[in-house]
Amino acid sequence: MLLLAGLLRRARPPRRPSVRRLSGLLDRYGFVPPASLTPHSASDDGGAKKRRPKKPPYRPPSSLDRGGRPAARSDLPFDFRFSYTESSPGDKPIGLREPKYSPFGPGRLDRPWTGLCAPAVDTTLRDAHADDPAPAAERELEEARRRERERVLGEPLTPAERAFLVSKCQKSRTKKQINLGRDGLTHNMLNDIHNHWKNDEAVRVKCLGVPTVDMQNVCHQLEDKTGGLIIHRHGGQLILYRGRHYNPKKRPVIPLMLWKPAEPVYPRLIKTTIEGLTVEETKEMRKKGLYVPVLTKLAKNGYYASLVPMVRDAFLTDELVRIDSKGLPKSDYRKIGVKLRDLVPCIIVSFDKEQIIVWRGKDYNGTIQDNTQKTSVSVLEEESAGAESENGDQEQASSDWASDECSQLSSSDEMPDDKSAISEADSD
């Protein structure tokens, strides 16, 4: 009992919560404490602390990011291709190597990419069974382009004007030129040509490699796709004139390709057996072709405009022709073989040991078949004919026309040689 009483005496009463006394100075001075000094209770926090918003991850600048801008629209009335000289709408592939990714970038062009080209007119409007599969809209675009080209070119150049432009574009006068290589006339080259035309009336184009086998096609595509006019040609060097009424501020919109699209899959060039021959005859011909005397040796990135006439002349005496292409890339001499097959024409026998072996065929009758001649007269011929009638000088007109001594393939174009006009201008 005594122990219990002692414990009760020692027990202290519970503490009362202390009452906070406010200072009387608050009533005297009317001081209001700022919010930062006011104590916050747990109930005022809302039960959770507000977190700072996270920064968005860093995104490097990219040309694919349009930033909400609409897709580019071009009024050019032809299908956009990677190369206009090394690809043809008539070549039908058997497959694609990759999905149909547009080389112009996602959302950058209002034309769909079919894997081969970006057509100017919807391909679903074509009627494959009609005499003219091109729709009416496409024919109207071609007619509008022809009229616009005639308007921009204006009146034909006089011999003195042409001689002045040609001399101005020579290597001794300027280093500006556009190099046309194994890929031919590419789509982005059109933009480069218009950039040169911004400051100069004419631009020099240097052609080397595979496209020079068919120089007539190169000249035709340059004039057709750019709207200019070739006023001079010497070998693989071309002078492309923009026209009298060309306005750089009204140049066409040419969207650039951001990468080279993959080549589609085409049928095999070399079949197991040649058409019209048996398996044994095909093997014997391929062995025999490797021992035929070499017609010529191709240099890398050379000028091959004389190759087609040489093969045609060789077929007058020999049925097999061998062309040495050692040192050339495999894709180059295979493309050359395809061009020979279409231009000579002939049959490809083999590409073994970097040799192009072609056969003239069973039904060869010795006549030269030129599939590259065009029925339409070039604008340059019309201009020269008009100048001849005005001047009345027959000798002057005949000297202005000169065929390329290195190639007869492009003789149908009859590009003028301005050496006589240049010499007359210098003598004056």
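The first residue you see is number 1, and the count goes up from there.
Even glycines carry a Cβ here, placed using N, Cα and C.
Listed features, source Swiss-Prot:
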- 1-21: transit peptide (TRANSIT)
- 33-100: region 'Disordered' (REGION)
- 129-152: region 'Disordered' (REGION)
- 155-253: domain 'CRM 1' (DOMAIN)
- 275-371: domain 'CRM 2' (DOMAIN)
- 378-428: region 'Disordered' (REGION)
- 380-393: compositional bias 'Acidic residues' (COMPBIAS)
- 394-413: compositional bias 'Polar residues' (COMPBIAS)
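For the domain 'CRM 1' (155-253), the model gives a mean pLDDT of 94. Secondary structure of the domain 'CRM 2' (275-371) per DSSP (helix as H, G, I; strand as E, B; remaining residues coil): 36 helix, 19 strand, 42 coil.
In terms of DSSP secondary structure, the domain 'CRM 1' (155-253) contains 41 helix, 22 strand, 36 coil.
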